[in-house]
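Reviewing the structure listed below.
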């Protein structure tokens with residue numbers, strides 16, 4: 001074969017097009033030159049460091065330390081047009097100035113292409129999700145140093161990205177974005193959940209006021225990698241959809257426009273919002289516009305294909321692991337699977353591009369794109385002979401991963417599943433009877449149940465819907481849709497009891513006696529022949545006494561003898577069940593003895609006095625092995641709140657416990673194990689006290705407790721699962737020395753609503769003290785779950801910078817006063833807002849003499865003194881009181897007084913003059 005060679009003349013000032021390809025970074029790769037309308041390689045014949053210096057100089061690298069690579073280091077090229085026999089001395093600005101430059105139409109022999117690595121300033125990106133993002137650091141003097149962001153622009157950012165191997169990509173530069181300061185909690189996968197941001201070292205939630213999909217998308221972009229962050233979208237969730245957080249609320253009224261690089265740079269109210277608590281925690285679910293398809297022997301087995309729009313991609317099997325496959329299966333609805341990994345195009349080669357991303361999944365992600373990737377998505381490919389394959393085999397979640405919560409009886413309640421490390425509920429939308437049947441079967445109930453709408457409770461919503469056929473033994477074998485964008489009704493409640501319930505008859509306080517069951521619409525008896533303590537435990541569980549030391553006891557047969565209505569015959573249980581529908585029994589047949597008698601506790605007691613005390617058996621000289629229940633049901637417990645004080649608690653920390661609930665089978669109030677120093681208090685309307693000891697102990701004292709009514713002026717006591725709310729009134733007596741404000745001779749009063757966390761040890765003690773007043777700042781010290789410190793301040797500007805000093809406060813007619821009310825305490829759950837501001841001549845003035853300035857509450861309040869004309873200035877002072885129904889509201893009453901006995905005012909046409917006061921009709 002004959003090869004043609006020729007010389008080329010380069011005009012002065014003309015630059016030869018040149019590039020480096022197949023390198024991991026922009027500064028390295030196989031050398032290619034553009035000539036004759038095509039790119040060609042350079043053969044390594046005689047190519048040396050001086051030639052490489054010129055190549056690097058042409059590419060903008062000012063370096064003298066270069067590396068020449070030979071032998072297909074950066075791959076072989078079959079391009080026909082190449083340069084050979086290049087001779088440079090290292091000082092030339094362009095290879096066209098070198099001698100003996102020869103262009104040829106023959107390709108280099110395999111292994112003879114030349115590659116170059118140009119010397120660059122060492123640079124890296126740290127602190128990001130991967131090598132493509134992070135804080136810029138440059139090595140100088142052997143140390144890595146940060147780069148000042150002054151004058152750093154988009155063009156500079158693009159250059160920096162090219163230096164580390166990301167040319168021609170969408171580049172964003174930021175000034176202090178740290179994805180470690182934001183996280184999602186309570187979701188079914190890592191890119192879903194309640195939004196929390198770290199402020200001053202503490203994780204805080206975001207209020208859902210004005211929260212929308214634009215805000216959610218910014219969060220998702222912060223938490224995903226390039227270039228997925230350009231295609232990811234976020235769905236906003238409100239009303240603590242992913243469960244309630246703890247601590248403070250960091251932000252409210254977030255208003256992103258979609259172009260921000262961080263949620264923390266979006267406009268927002270950084271005070272947390274006065275009307276926000278954890279019932280309004282904002283949430284996010286992130287998604288990307290692709291889905292997986294398996295092409296092979298079935299819908300669960302085949303070559304992995306990713307469909308994005310109209311494009312189909314396969315995935316390289318490089319570093320393909322079980323965790324990667326598990327994520328792929330989850331994205332297809334197989335939320336509980338034991339996958340099998342296949343490589344080398346086991347199920348056949350796919351079409352289109354094969355993505356070489358080398359995922360490093362943890363196994364909990366929802367989409368491959370959300371895993372950490374070694375290679376940038378879409379940047380590298382491989383041969384289809386390396387296509388990855390997967391077989392998704394659904395697996396059981398297990399009996400202990402499903403429960404029915406907050407029901408009024410065992411076997412009935414809100415359906416919850418333990419998934420992604422937490423308990424969560426299901427959406428009701430799309431739920432069907434097939435799913436219900438599988439749930440009840442999974443919980444070992446004999447028949448399918450029914451479903452209903454339940455309250456969400458405090459747990460997140462984890463699953464949108466299930467796809468069960470009805471014959472599965474575990475919901476893990478069903479498919480699950482984790483995308484909850486269409487979820488409107490929450491949450492699913494399930495009843496597996498078949499309508500069967502139990503009760504004690506011939507029992508004074510429902511702790512023991514003859515048991516009847518309600519079945520098929522009527523009450524009936526249980527055949528007591530051959531019953532054991534295992535059956536006794538299950539019958540006690542049905543009546544709200546779980547895991548007791550129950551016993552079958554002797555008792556008289558049913559009054560009608562063998563002719564009574566028998567509902568359950570030959571009952572056989574193992575003792576772990578909570579309902580007879582999980583045991584075996586028959587409903588008809590012969591019975592030798594009718595009437596089953598059960599004792600649920602070793603000892604019990606019932607108290608209905610407003611005060612009293614209770615001690616463990618043998619106190620303080622030890623206690624025996626027993627399981628005891630005491631019910632304290634004071635009179636008038638619908639209108640009063642009672643406190644239970646555990647004055648002494650000294651029990652073995654292994655196997656012994658003291659549990660207190662709101663009545664029998666009610667909401668848990670406290671659980672104690674071991675020694676508890678000091679007095680511990682719980683509050684409620686009635687109490688069930690259960691003391692359990694596995695072995696007994698002569699060396700521990702036991703417990704001593706007392707109960708009494710909470711001394712307070714109870715107005716509207718309210719009890720919820722989490723809080724007891726009651727109202728008190730603090731009255732400050734008239735001071736022996738003049739208060740530094742006008743009080744018209746009446747007492748200073750503060751009305752308080754307190755939400756007491758029923759899970760915490762609290763001291764319900766209120767002691768009126770004189771209000772320490774400093775000019776216009778009023779501090780009310782209030783006891784309760786925390787220390788309440790109320791601060792009222794007044795300003796002349798809407799920025800709340802220029803405070804109004806003096807006492808009493810004076811303002812000119814027509815001036816604006818900006819009122820700021822703050823509450824400082826160590827109880828993160830407390831909220832307060834400015835609700836009302838009104839003018840009236842006396843605190844006891846009639847409503848028709850009251851002028852409302854503020855009503856229904858505002859975050860930042862502008863108080864405009866009425867636009868009427870008077871001869872004297874009006875002095876403004878405040879009376880503060882707490883009230884409210886669902887939250888702590890601070891009502892501020894702005895009163896007007898005059899400094900002169902001669903006083904008049906005009907408000908539209910409604911005014912009159914009396915005793916130096918202007919009574920305003922409005």
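Glycine is no exception: its Cβ is also placed from the backbone N, Cα and C atoms.
Residues or ranges marked as disulfide bond in TrEMBL: 88-98, 256-266, 361-371, 468-478, 527-591, 573-583.
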Among the disulfide-bonded residues listed as 256, 478, 527, 591, the Cα nearest the Cα of residue 361 (disulfide bond) belongs to 478
Have a look around residue 527 (disulfide bond) and count the other CB atoms within 10 A of its CB, chains all included.
-> 25
Cα distance (Å, whole number) from residue 527 (disulfide bond) to residue 478 (disulfide bond) | 39
Disulfide-bonded residues 88, 98, 266, 591 vs residue 573 (disulfide bond), shortest C-alpha separation belongs to 591
Calculate the distance in Å between the alpha carbons (Cα) of residue 88 (disulfide bond) and residue 371 (disulfide bond), and round it to a whole number.
-> 47
Cα of residue 591 (disulfide bond) to Cα of residue 371 (disulfide bond): how many Å, rounded?
-> 63
For residue 371 (disulfide bond), the spatially nearest of the disulfide-bonded residues 98, 256, 468, 527, 583, using Cα atoms, is 256
CB neighbours within 10 A of residue 478 (disulfide bond), counting all protein chains shown, number 23
Whole-number Å distance between the CA of residue 98 (disulfide bond) and the CA of residue 527 (disulfide bond)?
-> 108
